[in-house]
Amino acid sequence: MENAIRNAFTMKVKSGFETEYKIRHDQIWPELTALLSESGICDYSIFLDEETGILFGVQKLSSGFDRSQLSSHPLMRKWWNHMSDIMETNPDNSPKTNSLKEVFHLD
């Protein structure tokens, strides 16, 4: 993806649910991965700090990526509901996220 924007953020899995978080992502719905790709997300990884439960997400976004459009999609909301019992979430069940500032990059 040319002119991709790197995006990094943190989330938090509830204590004791780290394995379940991994299982659910191992079984991610194919239609959700298609939606993420079609929305302009690629090269997406999530890492877990096992001591703190902090999740570190990093992804590349197309220049035309529209977060509000993805956030309002019924399938995205269904996934959030599916994950809400094991993550720290906002009132709409979206995961609580903390955007990170890039301070170094090497191609």
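Backbone N, Cα and C atoms are what each Cβ position is placed from, and that goes for glycine too.
The model shown is predicted, which means the values in this text are computed figures rather than measured ones.
Cβ neighbour count for His25 (active site, proton donor) (all protein chains, 10 Å cutoff from its Cβ): 10. The active site, proton donor annotation in Swiss-Prot covers His25 and rests on sequence analysis.
Positions annotated as substrate binding site by Swiss-Prot: Tyr21, Tyr44, Trp79, Trp80. In the structure as shown, the Cβ atom of Tyr21 (substrate binding site) sits within 10 Å of 19 other Cβ atoms.
The compositional bias 'Polar residues' annotation in Swiss-Prot covers 90-100. Remote same-chain partners of the compositional bias 'Polar residues' (90-100), defined as residues 6 or more beyond its termini with a Cβ less than 8 Å from a stretch Cβ, comprise 7-12, 57, 71, 77, 80-81, 83-84.
Under the heading region 'Disordered', Swiss-Prot lists 88-107.
For Trp79 (substrate binding site), the number of other Cβ atoms no farther than 10 Å from its own Cβ, over all displayed protein chains, is 21. Proximity of Trp80 (substrate binding site) to non-local residues of its own chain (separation of 6 or more, Cβ distance below 8 Å) is seen for Thr89, Asp92, Asn93, Ser94, Pro95, given in sequence order. Every protein chain shown contributes to the tally, and the Cβ of Tyr44 (substrate binding site) ends up with 14 other Cβ atoms within 10 Å. Between the two most distant C-alpha atoms of the annotated substrate binders (Tyr21, Tyr44, Trp79, Trp80) there are 17 Å.
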